[in-house]
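Visitor: Sharing a structure below in structure tokens format, with a few things to ask.
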Amino acid sequence: MVDQNVKDRIEQDIKGNDVVLYMKGTPVFPQCGFSAAVVQVLSTVGVKFKGINILEDPGLRQGLKDYSNWPTFPQLYVKGELVGGCDIVREMYESGELQSLLADKGVATGANA
Ligand SMILES: N[C@@H](CCC(=O)N[C@@H](CS)C(=O)NCC(=O)O)C(=O)O
């Protein structure tokens with residue numbers, strides 16, 4: 001059961017921003033290697049994203065696990081949908097699937113971002 005206020009905040013963020021990364025630390029100063037790896041992938045792809053530091057908010061940290069039924073961070077959302085964590089994002093990047101997903105969803109990358 002996700003607290004309604006937390007749920008509203010999550011939905012505001014993931015629906016109001018094309019790409020959102022819930023992570024430990026910030027994009028400039030990640031505080032976990034898994035989060036740092038996803039920041040690195042997103043930077044390489046050249047996509048703009050909103051990074052949200054769950055270490056600053058225990059309610060959000062737990063709420064996200066319940067909201068998406070996903071127990072760990074980072075969590076990457078594109079156009080309101082959970083894509084996955086570090087392993088999935090890395091695999092999708094290496095296979096080109098991440099780039100295709102972003103293109104299919106109309107999210108600008110590279111020089112167009
Ligand atoms: N295999 C995971 C690795 C991420 C992971 O294991 N994260 C842990 C440690 S940073 C986590 O978020 N644990 C729950 C928590 O800290 O609330 C992935 O692909 O994202």
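Each Cβ is built from the backbone N, Cα and C atoms, and glycine gets one as well.
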Visitor: Out of Arg9, Arg61, which one does TrEMBL list together with Lys24, Phe73, Cys86, Asp87 for glutathione?
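Guide: TrEMBL lists Lys24, Phe73, Cys86, Asp87 binding glutathione, and from Arg9, Arg61 it also lists Arg61.
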Visitor: Give me the Cα-Cα distance between Arg61 (glutathione binding site) and Cys32 ([2Fe-2S] cluster binding site), rounded to a whole Å.
Guide: 15
Visitor: Of the binding-site residues Lys24, Phe73, Cys86, which one has its Cα closest to the Cα of Cys32 ([2Fe-2S] cluster binding site)?
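Guide: Closest candidate to Cys32 ([2Fe-2S] cluster binding site), judged by Cα separation, is Lys24.
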Visitor: Around the Cβ of Arg61 (glutathione binding site), how many other Cβ atoms lie within 10 Å? Please give the count over every shown protein chain.
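Guide: Result for Arg61 (glutathione binding site): 16 other Cβ atoms within 10 Å.
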Visitor: Determine the C-alpha span of the glutathione site listed in the record, that is the greatest distance between any two of Lys24, Arg61, Phe73, Cys86, Asp87, in Å to the nearest whole number.
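Guide: Across Lys24, Arg61, Phe73, Cys86, Asp87, the two farthest Cα atoms sit 19 Å apart.
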Visitor: Tell me, how many other CB atoms lie within 10 A of the CB of Phe73 (glutathione binding site), whichever protein chain they belong to?
Guide: 24
